[in-house]
Amino acid sequence: MTNIRKSHPLLKIVNNAFIDLPAPSNISSWWNFGSLLGICLIMQIMTGLFLAMHYTSDTATAFSSVAHICRDVNYGWIIRYLHANGASMFFICLYIHVGRGLYYGSYAFLETWNIGIILLFTVMATAFMGYVLPWGQMSFWGATVITNLLSAIPYVGTTLVEWIWGGFSVDKATLTRFFAFHFILPFVIAALAGVHLLFLHETGSNNPTGISSDMDKIPFHPYYTIKDILGVLLLILTLLLLVLFSPDLLGDPDNYTPANPLNTPPHIKPEWYFLFAYAILRSIPNKLGGVLALVLSILILALIPLLHTSKQRSMMFRPISQCLFWTLVADLLTLTWIGGQPVEPPFIMIGQVASILYFSLILILMPVAGIIENHILKW
């Protein structure tokens, strides 16, 4: 008799995705972050659901309702901080996951890669709208500044911004719709993640060498289930250390001041995980140019499969590309630092140099390195 997990219509799907899935025998810990992202998403949906039970999306009571959650709701403080810091863990995993894809040439799976880019945009939109909900100073001014960027679009810009706001400024209508979108988008993300996995399982996972591993596959369970559990435990440990010892480490003190449209904070900045893009936006003096650079800083990922010039898929055996990859990582860290600094010398110049370097590395230097490495192979 066939095992029920192989015959039952529902269990069969789970079996083919998480139990009997043929996986390469040599994938490293960099491959753990997909499952960690799944755990982060589940955790964010669960904590978010409980927060939504007590939150009110009204400008008069939103700030107080968050304070009420932290003070009066049973374990409300831990739910709130798990949700806020869970977003940070989500983005750490997300950026490592994308970085792994870049390093090992996983972008060769075009459908998986492109859905991943759509997922990245959706998660960023969700996180941005979530940051607006506590209705502190940085929530309000962040929402005002970022939505205002759309006014740079010629002809329809101003109309578009007022349409998103639901009025002539960020107000009650904006907060209500942001809450509605912030609630629904994680479920859209979950559906997209399902499609992401569906396309990945059509081809099978890549591996560090970038060479086909069809002749050497092992079952996902127990080998990678146990490996993923270790990753999950480390993720939860890190998150709990953050939540229980310094929950406000990654937040902005300005967000503990209720939103006031008449008082602008000295430095308006988004959460740390958007600072690199914010730095690129600010480094261009023209508004429309800045907005285009901001969008392209993420959308450039879609060009990466077209810019692949090397005969090898992975960077494992390509030292020049490796140097450029880690330069890119250092450059992104520099941009993240600059995004949190005031707009004054020398930060302006550092930001502009780092922005130019970011686009140069991806569009020019890395493809050229691939061609050089192809020639080195002939020697």
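Any Cβ shown, glycine's included, is placed from N, Cα and C.
If you look up Swiss-Prot, you'll see 33-53 (among others) marked as transmembrane segment.
Long-range neighbours of the transmembrane segment (77-98) within the same chain, counting only residues 6 or more positions beyond its ends whose Cβ lies under 8 Å from a Cβ of the stretch, are 30, 33-34, 36-37, 40-41, 43-44, 47-48, 50-51, 66, 69-71, 116, 120, 123, 127, 130, 235, 238-239, 242-243, 247, 250-251, 271-273, 301. Annotated transmembrane segment per Swiss-Prot: 77-98 (among others), in sequence order, evidence recorded as similarity to another entry.
The heme b b562 binding site annotation in Swiss-Prot covers H83, H182. The DSSP secondary structure for H83 (heme b b562 binding site) is helix. Within its own chain, H83 (heme b b562 binding site) has Q44, T47, G48, L51 as residues 6 or more apart in sequence whose C-beta sits under 8 angstroms from its own.
Swiss-Prot lists H97, H196 with the feature heme b b566 binding site. The Cβ of H196 (heme b b566 binding site) lies under 8 Å from the Cβ of T112, I115, G116, L119, each of these being in the same chain and 6 or more residues away along the sequence.
Summarising the annotation, Swiss-Prot assigns transmembrane segment to 113-133 (among others) and lists similarity to another entry as the type of evidence.
Look at Swiss-Prot and you will find 178-198 (among others) tagged as transmembrane segment, backed by similarity to another entry. Residues of the same chain lying 6 or more positions beyond the ends of the transmembrane segment (178-198) and with a Cβ under 8 Å from any Cβ of it are 17, 37-38, 41, 44-45, 48, 52, 55, 57, 112, 115-116, 118-119, 122-123, 125-126, 129-130, 132-133, 143.
Note on H201 (ubiquinone binding site): other Cβ atoms within 10 Å of its Cβ, all shown chains, come to 14. Under the three-state DSSP scheme, H201 (ubiquinone binding site) falls in the helix class. Annotated ubiquinone binding site per Swiss-Prot: H201, in sequence order, evidence recorded as similarity to another entry.
Sequence-distant contacts of the transmembrane segment (226-246), counting only residues of its own chain at least 6 positions beyond either end whose CB sits under 8 Å from a CB of the stretch, comprise 29, 32-33, 35-36, 39-40, 78, 81-82, 85-86, 88-89, 93. Residues or ranges marked as transmembrane segment in Swiss-Prot (evidence: similarity to another entry): 226-246 (among others).
What Swiss-Prot lists as transmembrane segment is 288-308 (among others), and the listing cites similarity to another entry.
For 320-340 (among others), the entry in Swiss-Prot reads transmembrane segment, with the evidence type similarity to another entry. Residues 99, 102-103, 269-270, 272, 274-280, 282-283, 310, 347, 350-351, 354-355, 357-358, 361-362, 365-366, 369-370, 372-373 of the same chain sit 6 or more residues outside the transmembrane segment (320-340) yet have a Cβ under 8 Å from a Cβ within it.
Counting residues 6+ beyond its ends, the transmembrane segment (347-367) has Cβ neighbours under 8 Å at 279-280, 282-284, 293, 296-297, 300, 303-304, 307-309, 321, 324-325, 327-328, 331-332, 334-335, 338-339, 341 in the same chain. Annotation comment: Swiss-Prot describes 347-367 (among others) as transmembrane segment, evidence class similarity to another entry.
Between the CA atoms of H182 (heme b b562 binding site) and H97 (heme b b566 binding site) there is a gap of 23 Å.
DSSP assigns H97 (heme b b566 binding site) to a helix.
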